[in-house]
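Read through the structure below, which is laid out as structure tokens, and then see the notes.
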Amino acid sequence: MHTANSSKIEITTFFLIGIPGLEHLHEWISIPICFMYLLAILGNCTILFVIRTEPSLHAPMYYFLSMLAISDLGLSFSSLPTMLRTFVFNATGISPNACFAQEFFIHGFTDMESSVLLVMSFDRFLAIRNPLRYNSILTNARVAKMCLVFSIKSMVLMLPFPFALKSLTYCKKSQLSHAYCLHQDVMNLACSDNSVDFFYGFFVALCMLSDSVFIALSYIFILKTVMGIGSHKERLKALNTCVSHICAVLIFYVPVIALAFMHRFGNHKSPSATILIADIFLLVPPLMNPIVYCVKTQQIRKKVLGKLGLK
């Protein structure tokens, strides 16, 4: 610590936390956590490799799936270092600058994944609503521009976070609530006025919530279109193309919305429940998305099995 002024001592190290009360089991808990990270990284790298090397998968839907895999990898690599340090080596200290950088990347890739899920819902709507014009509307150039715009938007939206947190004074509390840094968690440690951070963080949360609203609207239009199809078999076929995306949306949004509300409004929240939901939010989507798309998307499943030498 060093002196900020004559009356305050500014904190220069934050302390992460694993699972309160289970510190003696952290080394054992680290085994499934490392296994989940390994599977998530291998799964998403496999998706990227298969799409990259298979010309038949060079289509808008699979380009968006590649973006989803990239955001999942970014989310995994952003949280992996401090998760390993906390659970494997019991090294809980982290400098403020490193913490601010980590929360920027975690929130940035989270917003990117939210944006990708939104554009994937538009992709599904367009494929069902206007299949004959699908390829002419979603050209490779347009898909590339959309991916680039959403990626830049996510990073620009999160860019004020580390600078806003750096402007705050931390002089009393240094214990974070997770094994990684989140904006709401760090902001609550400040002993100076954090109202600007609070309102901007709330604005970012609303932006992500708006993504989920637009996804819901997309599926309302999809259902309306499907109900207009005469054949029952064709209705099921059309809806089946959306199953993977619906699973990805639920896997992502349920924990992230629950975590946001617990941080913002949970005055009497259980620390263990918050930690569990936050860990699910970081670990489960990157792990499950490749599995869901391999199981439910026939083209991906066949190509992955083919690469592995299996039929």
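Each Cβ is built from the backbone N, Cα and C atoms, and glycine gets one as well.
Database features (TrEMBL):
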{"type": "TRANSMEM", "residues": "28-51", "note": "transmembrane segment"}
{"type": "DOMAIN", "residues": "43-293", "note": "domain 'G-protein coupled receptors family 1 profile'"}
{"type": "TRANSMEM", "residues": "63-84", "note": "transmembrane segment"}
{"type": "TRANSMEM", "residues": "104-122", "note": "transmembrane segment"}
{"type": "TRANSMEM", "residues": "143-165", "note": "transmembrane segment"}
{"type": "TRANSMEM", "residues": "198-222", "note": "transmembrane segment"}
{"type": "TRANSMEM", "residues": "242-261", "note": "transmembrane segment"}
{"type": "TRANSMEM", "residues": "273-295", "note": "transmembrane segment"}
PLDDT averaged over the residues of the domain 'G-protein coupled receptors family 1 profile' (43-293): 88
Long-range neighbours of the transmembrane segment (28-51), counting only residues six or more past its ends (CB under 8 A): 18-19, 22, 57-58, 62-63, 65-66, 69-70, 72-73, 76-77, 80, 83-84, 87-88, 279, 283, 286-287, 289-291, 293-294, 300, 303-304, 307
Among the ranges 63-84, 104-122, 273-295, the one whose Cβ pairs under 8 Å to the transmembrane segment (198-222) are most numerous: 104-122
Positions on the same chain near the transmembrane segment (273-295), where near means CB under 8 A and six or more residues out: 17, 19-20, 33, 36-37, 39-41, 43-44, 46-47, 65, 68-69, 72-73, 75-76, 79, 106, 113, 177-180, 182, 244, 247-248, 251-252, 255-256, 258-259, 262-263, 266, 301, 304
